[in-house]
């Protein structure tokens with residue numbers, strides 16, 4: 001992972017099918033979650049382990065005793081679904097708010113939003129060979145020092161998007177392609193108050 005005050009945004013690169021874990025850590029700008037923590041959220045047996053450890057966290061109950069866990073890959077390589085992302089954020093008093101595509105992106109109250117997690121179609125490759133398949137991929141977008149960054153774990157390094165107008169254009173481009181979902185990462189209080197949405 002890259003990051004640090006002088007190095008620019010914290011950025012985890014893709015490993016296995018852990019894009020959900022990377023998207024969480026990239027949007028939070030620190031290595032908060034691990035594959036083990038995400039697996040524990042899936043199994044709903046014990047509270048997830050955090051790195052660094054957190055003093056208090058609730059238990060999350062998604063799929064106990066499920067032989068075929070619906071929230072992750074059969075191979076144990078990751079590929080977590082939105083329920084794992086939502087439960088992970090809830091453990092930090094944050095929420096993932098689904099963005100209704102019918103709304104204008106001008107209504108985003110950007111000052112209330114910590115970042116964005118997008119679920120987008122992604123090409124599958126085997127080594128250097130691109131396969132004619134597409135699967136879903138999680139990526140993070142976060143603002144730092146006035147600039148929004150695409151923190152997709154498949155990128156070699158963070159890519160600057162620009163300011164608020166460029167961010168809205170970036171999101172509009174993804175949403176126009178279809179099969180894309182946008183989640184706003186906000187503090188729990190902002191979610192409860194609906195403060196992430198500007199009045200019409």
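Each residue, glycine too, has its Cβ placed from N, Cα and C.
Any TrEMBL annotation is an automated prediction that lacks curation.
As recorded in TrEMBL, the features of this protein are as follows:
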{"type": "ACT_SITE", "residues": "19", "note": "active site"}
{"type": "ACT_SITE", "residues": "137", "note": "active site"}
{"type": "ACT_SITE", "residues": "152", "note": "active site"}
{"type": "DOMAIN", "residues": "6-200", "note": "domain 'Josephin'"}
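Applying an 8 A CB threshold to same-chain residues 6+ apart, the list for residue 137 (active site) reads 19, 119, 120, 121, 122, 152, 154.
Per-residue confidence over the domain 'Josephin' (6-200) averages out at a pLDDT of 81. For the recorded site, residue 19 (active site), the DSSP three-state label reads helix. Within the set of active-site residues (19, 152), the lowest number of other Cβ atoms found within 10 Å of a Cβ is recorded at 152.
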